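J.: Please see the structure below; I have some questions.
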Amino acid sequence: MSRWKLFVPLGLFALVLGLAAYQLNQPKDDRIVSAMVGKPLPEFALPAALNGGQPVTNAMFADGKPRLLNVWASWCLPCIAEAPQLEALDEAGVEIVGVAIRDKPEDIAAFLETHGDPYSSIGADDLSELQLALGSSGVPETFVIDGQGIIRHQHIGDIRSEHVPELLAELREAQE
Amino acid sequence: MIAEIGLASLWLAAVLALLQLAGGVLAFRTDGTGGENPMGMFIRPAAIVQAFFAACSFVALLYVFAVTDLSVKLVAANSHSAKPMIFKLAGSWGNHEGSMLLWVTVMAFSGALIAALERRLPERMMQATLAAQGFVALGFYAFLLFSSNPFERLEVPAPEGMGLNPLLQDIGLALHPPVLYFGYVGLSVAFSFAVGALLTRQVTPEFARVSRPWVLAAWVCLTMGITAGSYWAYYELGWGGWWFWDPVENASLMPWLAATALLHSISVLAARDALRAWTILLGVIAFSMSMLGTFLVRSGILTSVHAFAVDPERGMFILVLLGIYIGGALLLFGLRAGAVAEGERFAATSREGALVVNNVLLSATLGIVLLGTLYPLLTEAFDVRVSVGPNYFNPVSAIFVLPMLVVMAIGPLLRWRRDRLERVMKPLALLTVIGAVVLAIVALVADIAFLPLVGLALAAILAVASFIPLRRRKLTRVPLATWGMVVAHFGIAVALFGMASESAFSSERLAALEVGETAQAGPWRVTLNGVDPVAGPNWTALEGRLAVRAEDASRTSEPIMMAPQSRTFWAPVQQTTESALATRWNGQLYAVLGNQLDDGRWQLRLWWKPFVTFIWYGGLLIAFGGVLSIIGRVRKDLTRRSVRSRLASRRADERALEAAA
């Protein structure tokens, strides 16, 4: 066997190593954007999550006013982190509809007590059915819904303070 | 306190690994001058004490998990006080840091075993081997201590833990990683032996005979680990499949393929002093595949159901270790393998010839799996996202596996060095007839795909062929190692039969049933008797009660009861499906309970999988064959050595008597 052939395994390994090193330093985007963006909301009717609250249906979104649809849960830690930003949006006059995933009324009440209540109404999605229909893969996620009930934008993960203007811009765009 | 003891033990173990390496380097460098460096004598004890400290550290981790010490970050992130004890313990290796600690503990343990037990090789080679083992361990200790400390404390203890992923809260998965790790990391011994042999330029049959039982032991663990993992995925994930070509499954398959090739080439080296460079290369590759697998799983570079630590910094750390160890070993191979004299020659038609073909085909399969696993990495560099699945792996690996199975049937019938095919004409004709008959019958009776059809015929051929080496031999005098080969090869036939039968004859039924209604699945009638809530220690579930009767049984006959569950865990919140299995000798009925529909009916998914269990019976047989082979080889080698030493001492006595006379 000629000597250079003995170095073939090393060469192949160097290739794999280089490729792996390159890939490792690439920013990785694991976020899966919903295929529902740009489409109308699926038909749904969620019962109220709080005793004495309003039920949430897709029909509510077709009155010409853009809204935020916030998918969250009282057991979710990043939801606590985004609570102040939702408050800020609420104060800016945005109507926020909540969808509580696999939650209990008493836990929701406790959460709103502690972290504030920016929601106009909250629907209970006990089996994640609406969440799956929306193409949302986790909590929290926030959707911008325009006045015709069409999903215009999806925000994955908690809303940080720098995202508030972005969402307001999206809402203004949805208004036009 | 216990956590600090664990961390201190880890540091001590790392220092001992350094001592092991330094001792080896010093002993190796000064050897040429004639005098032996005193540092050499520290190497074996260092390896043993290192294993002791690594074990202490691991026990400390088990302890903090057992008592749910929530001031330890790892416990708070992965455990919960309301978990059953077995899953608290399993939680210690069900996460990144803990599993890496288990990794180095097994590595230290393997090193200590060869340091304590292996006295058959020249001391110089053992020192080089142990130094290599210490060197590899050192890198992984550094990884733990600098970037994955399992004993890190929280400044404020958490009020409650986050819990363990419910999918992992299963007895199969609790035990599967440790067994698999013994296999994975046990291969480090083969790697170190290969490096030791290259450094001392002693690639000899003696080296092959000595390292063979160690490679076998790692291979047995790997076989059992893969078998258990496959069965876990089958019944826990609720998809009814037993192999998904997931990157992490591939990561365990690749070392197995390399170790299987190594096992066969090492036999050629031991028996015939041939295939020297090739054996060494396989020794390096086998453990390299283990390390590569660890990298793929730990860096999160590939998307997989198993990837649980997505952290590029850690990934980079392991990648650098990979570069040092694999790159170093392959460089050493390139420099030294040319100096390893070519081994004995042999004819193409011979036992060696068949083993070479087997080796090439196994390596080709390994290459195919490696390419498929890394392919998404390659295309992502060009911004294309792909996922490579069964559509690639099944047909492409079959190209190499099917011919390999044919060679596997014939190879053991051939003689070493030189043989003629005419000599084995009779058994070959018999096997051909068996294959043709099975092929014809199955093709006529059932309408199935090409691959399963060929699989069934090959399984029949292999099942018979694996026993032919025993013909005309007195069974009580057949060496144990030969029995090992027979059993392992038969295990391949059994597993192949299970795989082919499962993919050819499975029947699936999706039904929506009201309570009291009956659905048909394969030869079974399944009646939904009811759905009840049940509660476990940290979950609640809906449990379906199914009564199953054979198609031809009367309505009043005693039914088999099955209870599939849909579980909801609350820490962390997650739903899992617990499938219910009814096992018969000729297959399994597999039931999964789905959601309730709006009209009150329940979704049921039913599979009848004929002979699916043979896949895992086969896996167990293969591992059992390996165990028989280890016992046989070690016993024979020890007998031979004791005979030789007795002969030597008798000769010395005789010489002394002559001198006295």
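Keep in mind that glycine also has a Cβ here, set from the backbone N, Cα and C atoms.
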J.: So which range, B:6-24, B:253-271, gets flagged transmembrane segment in TrEMBL?
T.: B:253-271
J.: Should the transmembrane segment (B:356-378) and the transmembrane segment (B:317-335) be scored as in contact, given a threshold of at least 3 Cβ pairs under 8 Å and pairs 6 or more apart?
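T.: Not in contact, no.
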J.: Before we move on, state whether the transmembrane segment (B:480-500) and the transmembrane segment (B:181-201) share at least 3 Cβ pairs under 8 Å, counting only pairs 6 or more apart in sequence.
T.: no
J.: Take the transmembrane segment (B:317-335) and find every residue of the same chain, 6 or more past its ends, with a Cβ under 8 Å from one of its Cβ atoms.
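T.: Here the qualifying positions are 135-136, 139-140, 143, 146-147, 191, 194-195, 198-199, 277, 280-281, 284, 288, 291-292, 294-295, 298-299.
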J.: Restricting to the same chain and to residues at least six past its boundaries, which positions have a Cβ under 8 Å from a Cβ of the transmembrane segment (B:278-297)?
T.: 103, 184-185, 187-188, 190-191, 193-195, 197-198, 203, 208, 211, 215, 247-248, 250-252, 254-255, 257-259, 261-262, 265-266, 268-269, 304, 306-307, 315, 318-319, 321-322, 325-326, 329-330, 333, 337, 340, 359, 363, 366, 370, 373
J.: Are there residues at least six beyond either end of the transmembrane segment (B:614-634) with Cβ under 8 Å to its Cβ atoms? List them, or say none.
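T.: Long-range Cβ neighbours of the transmembrane segment (B:614-634): 209, 212-213, 216-217, 219-220, 223-224, 226-227, 230-231, 242, 479-499, 501-502.
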J.: Assess whether the transmembrane segment (B:100-117) lies in contact with the transmembrane segment (B:398-416), where contact requires at least three Cβ pairs under 8 Å among residues 6 or more apart in sequence.
T.: no
